[in-house]
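Undergrad: Structure incoming, see below.
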Amino acid sequence: MRIHYLLFALLFLFLVPVPGHGGIINTLQKYYCRVRGGRCAVLTCLPKEEQIGKCSTRGRKCCRRKK
């Protein structure tokens, strides 16, 4: 019977997300960027664009054309 508790604990440890890896947060930020009419840039925005937010926790920027 105690083996079930051990197996449950190991399964739980493997399913817990790693700290600093915000998969759900990054997905929501990308979606919010696209809803606002932007795109996700890896390094910097193009000269005719402005930064309107972030696309991920790792520093990708959400850029949109200047109005």
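Any Cβ shown, glycine's included, is placed from N, Cα and C.
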Undergrad: Just confirming the record: what cysteine out of Cys40, Cys45 does Swiss-Prot connect to Cys55 via a disulfide?
TA: Cys40
Undergrad: Looking at Swiss-Prot, which one of Cys45, Cys62 makes a disulfide with Cys33?
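TA: Out of the candidates Cys45, Cys62, the one Swiss-Prot links to Cys33 is Cys62.
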Undergrad: From the Cα of Cys33 (disulfide bond) across to the Cα of Cys40 (disulfide bond), what is the distance in angstrom?
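TA: Distance between the two Cα atoms comes out at 7 Å.
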Undergrad: Which whole-number value in Å describes the distance between the Cα atoms of Cys45 (disulfide bond) and Cys33 (disulfide bond)?
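TA: Cα-Cα, rounded: 13 Å.
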Undergrad: Through the lens of DSSP with three states only, how would you label Cys40 (disulfide bond)?
TA: strand
Undergrad: Looking only at Cys33, Cys45, Cys62, Cys63, the disulfide-bonded residues on record, which one has the least crowded Cβ, with the fewest other Cβ atoms within 10 Å?
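TA: Minimum Cβ neighbour count within 10 Å, taken over the disulfide-bonded residues Cys33, Cys45, Cys62, Cys63, occurs at Cys45.
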Undergrad: Restricting to the same chain and to sequence separations of six or more, state which residues have a Cβ under 8 Å from that of Cys55 (disulfide bond).
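TA: Long-range Cβ contacts: Asn26, Gln29, Lys30, Cys33, Cys40, Ala41, Lys61, Cys62.
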